[in-house]
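What TrEMBL says about this one:
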- 61-205: domain 'Heparan-alpha-glucosaminide N-acetyltransferase catalytic' (DOMAIN)
- 62-79: transmembrane segment (TRANSMEM)
- 99-120: transmembrane segment (TRANSMEM)
- 132-153: transmembrane segment (TRANSMEM)
- 165-189: transmembrane segment (TRANSMEM)
- 210-231: transmembrane segment (TRANSMEM)
- 315-336: transmembrane segment (TRANSMEM)
- 348-365: transmembrane segment (TRANSMEM)
- 377-398: transmembrane segment (TRANSMEM)
- 419-438: transmembrane segment (TRANSMEM)
Amino acid sequence: MDEDVKRMEEGINLALDDNAKDDLLKKQEKTNNINGDSNIKQQIAEEDDEKPALVKQKTKRVATLDAFRGLTIVLMILVDDAGGVYPRIDHSPWNGCTLADFVMPFFLFIVGVAIALALKRIPKIKYAVRKIILRTLKLLFWGILLQGGYSHAPDELVYGIDMKFIRWCGILQRIALVYCVVALIETFTTKLRPTTLSPGSISIFTAYKWQWLGGFVAFLIYMITTFSLYVPDWSFVVTGDEPKRYTVFCGMRGHLGPACNAVGYVDRQVWGVNHLYSQPVWRRLKACTFSSPGEGKIRDDAPSWCLAPYEPEGLLSSIAAILSGTIGIHYGHVLIHFKGHAERLKQWVSMGFVLLILAIVLHFTDAIPINKQLYSISYVFFTAGAAGIVFSVFYILIDVWGIRTPFLFLEWIGMNAMLVFVMAAQGIFAAFVNGWYYEDPSKSL
């Protein structure tokens with residue numbers, strides 16, 4: 001999403017300037033043994049001056065990275081604009097997975113891949129940490145500004161937000177958290193990375209055990225909290241002409257339904273109920289509306305939680321999302337260490353199918369349903385597996401077979417992801433168009 005992240009390149013080239021110097025030294029020793037070290041050093045310097053391309057040679061760009069990021073942005077715009085008309089592609093009201101539910105984990109997956117390539121060489125750890133923190137703060141700032149409620153684009157030509165009801169969480173905030181954690185682990189373990197992998201089918205996993213340990217810690221925090229935290233009764237107020245308070249009765253642990261899950265409880269305790277998303281997708285459940293799976297009037301006999309706020313990008317679910325970034329960075333490590341296309345694809349495709357199978361088993365045995373709102377572990381596995389398969393297909397088409405022209409538009413979007421996200425996905429461009437009207441704001445372009 002930043003300039004350093006966009007310009008990801010394939011990390012398999014060697015430092016040609018060092019090789020050139022070594023070759024020159026060997027030639028000098030063979031052809032002119034009587035000259036001293038000073039003459040050799042002088043000739044090395046002259047050779048460096050004559051051939052600057054050896055130092056500045058560019059590495060090959062991985063076009064698949066930009067195309068995949070562009071695809072994710074296009075999916076986001078599609079489901080945001082068409083989801084209301086075609087509810088089947090909009091976010092699943094609760095359990096299940098639709099087209100819209102792939103967007104967030106696809107973002108996190110490609111962020112992980114990009115981190116591995118961007119931080120494959122870290123000359124100064126302090127400088128890298130400073131850049132990571134700065135980029136995290138930038139993402140948090142734009143996330144709160146765009147999704148906190150300040151902009152009413154594109155439908156209303158007004159702006160401003162009551163700080164009592166500002167939304168602290170959102171898409172960019174979740175990306176910021178995942179990026180920060182995964183990138184910092186990658187940075188602080190830079191001296192522990194291997195230059196070459198040892199023999200064995202799991203060597204790529206053991207070589208980056210600290211990254212996997214970070215993902216496992218996130219997994220433990222999420223699972224232990226989700227299934228052991230006691231969720232008491234809670235209440236909320238619906239504002240309007242006559243504000244009314246509703247109470248949701250819980251008093252249970254390990255519940256994975258809309259009303260009494262630990263994910264929502266943590267957000268209510270940390271952020272406060274007024275700072276959560278006020279239009280959760282669970283309102284499209286059959287229990288809430290006769291228009292399900294589309295949006296519609298809330299039923300008279302609907303449970304009180306149908307009117308309650310809920311944060312789909314909350315704190316506990318974002319901790320689980322760290323695992324999506326961890327899986328993505330693994331794919332980036334494979335790209336760096338395995339030179340051949342077949343070796344890379346073998347690693348990527350096999351892991352993708354394993355994750356898909358695990359998710360399907362967990363979902364259909366009712367152990368842990370696939371659920372985007374909870375960011376359940378089965379949802380992590382299912383979407384990460386799908387991301388790995390799609391990424392592999394793009395890699396075959398673009399980087400192996402060289403079929404690049406049909407994907408140039410996606411590449412451009414991927415290289416300008418933040419601009420397109422702000423202008424299109426967040427309605428800024430649409431608000432600009434709506435701002436031109438004749439006599440009445442309803443008669444706009």
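Glycine too: its Cβ is placed from the backbone N, Cα and C atoms.
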Remark   = Across 132-153, 315-336, 348-365, 377-398, the most C-beta pairs under 8 Å with the transmembrane segment (210-231) come from 315-336
Note = Taking the transmembrane segment (377-398) as reference, the highest number of CB pairs under 8 angstroms among 62-79, 99-120, 165-189, 315-336 goes to 99-120
Inquiry  = Out of 132-153, 165-189, 315-336, 348-365, 419-438, what stretch is closest in contact terms to the transmembrane segment (99-120), meaning most Cβ pairs under 8 angstroms?
reply    = 315-336
Note = The answer for the transmembrane segment (419-438), taking Cβ pairs under 8 Å and residues 6+ beyond its ends, is 1, 73, 76-77, 80, 142, 146-147, 151, 153-155, 157, 413, 444-445
Query = Where else in the chain does the transmembrane segment (315-336) make close Cβ contacts, counting only residues six or more beyond its ends and a cut-off under 8 Å?
reply = 10-12, 62, 104-105, 108-117, 120, 169, 173-174, 177-179, 181-182, 186, 204-205, 207-208, 211-212, 214-215, 218-219, 221-222, 225-226, 262-263, 266-267, 270-271, 344, 347-348, 351, 355, 373-377, 380, 383-384, 387-388, 391
Remark   = The correct DSSP tally for the domain 'Heparan-alpha-glucosaminide N-acetyltransferase catalytic' (61-205) reads 90 helix, 5 strand, 50 coil
